[in-house]
């Protein structure tokens with residue numbers, strides 16, 4: 001599984017870097033010769049895409065490292081950390097674009113009217129960014145990588161910004177040149193929104209947000225289907241990047257021997273890990289059937 005994840009991760013890096021290098025050079029070049037600030041802004045944004053792709057891949061590779069004595073649960077959170085670094089890049093690029101756009105809006109003398117080359121470049125950007133972002137997101141979700149998925153959604157913002165540029169440049173050529181820096185401002189705000197969404201998702205991952213009901217129900221179903229198990233409860237999931245660990249309690253017949261209970265608990269662990277791909281490790285505690293007590297109170301003792 002890890003071998004396939006690594007191969008897919010490398011493919012994403014190669015595709016993203018080739019596409020973004022081409023778009024960076026062409027956006028900035030066409031932006032300069034056509035006089036489109038929005039295209040130059042998009043070129044700067046695309047340049048940041050190259051950096052964030054490397055960051056995402058670095059987090060992805062570190063997250064694949066096996067558990068060791070210092071990190072008994074593995075290095076999975078490296079992916080979420082790399083996602084937060086991507087957020088910092090996005091925020092910086094957004095700030096630069098927004099401040100530049102505001103300067104042009106309040107000083108119309110420095111605005112130039114973009115020519116038809118800017119329209120063609122914006123149209124090309126829409127198509128390239130759409131297919132590249134779709135590919136990255138598809139791979140990121142298929143291998144359950146927060147870092148690569150975040151990079152894909154980062155790339156997806158370029159689709160919307162290229163569409164905005166296309167509309168803005170077309171309007172600017174119709175006699176409203178101030179539309180071009182306004183579109184640049186919109187791009188900056190869009191990048192900020194993307195930074196917020198990516199940041200929230202990765203912070204939730206690190207901080208241990210409550211998992212979906214679907215995952216909890218699946219864990220409960222798998223545990224309860226194990227022979228001798230009556231009721232799985234007190235299920236807690238901790239996300240570690242692309243995978244998660246779970247702890248749960250299961251109710252067993254109180255008259256079972258310690259050896260028999262031990263075997264059942266290990267079978268529950270095995271079933272949960274094997275049947276739910278995202279779960280890498282399971283910690284199971286056995287309780288006698290019908291025994292009522294406050295789990296939180298027990299933890300606080």
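Cβ atoms are placed via backbone N, Cα and C, with glycine included.
In TrEMBL, annotation is done automatically, which means it is predicted and not curated.
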Looking at the candidate ranges 182-199, 200-217, report the one that TrEMBL labels transmembrane segment.
182-199
TrEMBL annotation (transmembrane segment) - matching range among 117-137, 222-242:
117-137
When TrEMBL marks a stretch as transmembrane segment, which of 139-157, 158-176 is it?
158-176
Could you tell me what the rest of the chain brings near the transmembrane segment (39-60), counting residues at least six beyond its ends with Cβ under 8 Å?
5, 9-10, 12-13, 16-17, 20-21, 23-28, 30-32, 78-83, 85-86, 89-90, 92-93, 96-97, 100-101, 114, 118, 121-122, 125, 145, 147-148, 150-151, 154-155, 157-158, 161-162, 165, 169, 184, 187-188, 191, 241
Looking at 81-102, 117-137, 158-176, 182-199, which one has the highest count of Cβ pairs under 8 angstroms to the transmembrane segment (12-33)?
117-137
Thinking of Cβ pairs under 8 Å, which stretch from 81-102, 158-176, 182-199 has the most of them with the transmembrane segment (117-137)?
158-176
Where else in the chain does the transmembrane segment (158-176) make close Cβ contacts, counting only residues six or more beyond its ends and a cut-off under 8 Å?
23, 36, 38-39, 42, 45-46, 49, 113-116, 118-119, 122-123, 125-126, 129-130, 133, 182-183, 186-187, 190-191
Just to confirm my parser: what is the rounded mean pLDDT across the domain 'Cation efflux protein cytoplasmic' (211-288)?
87
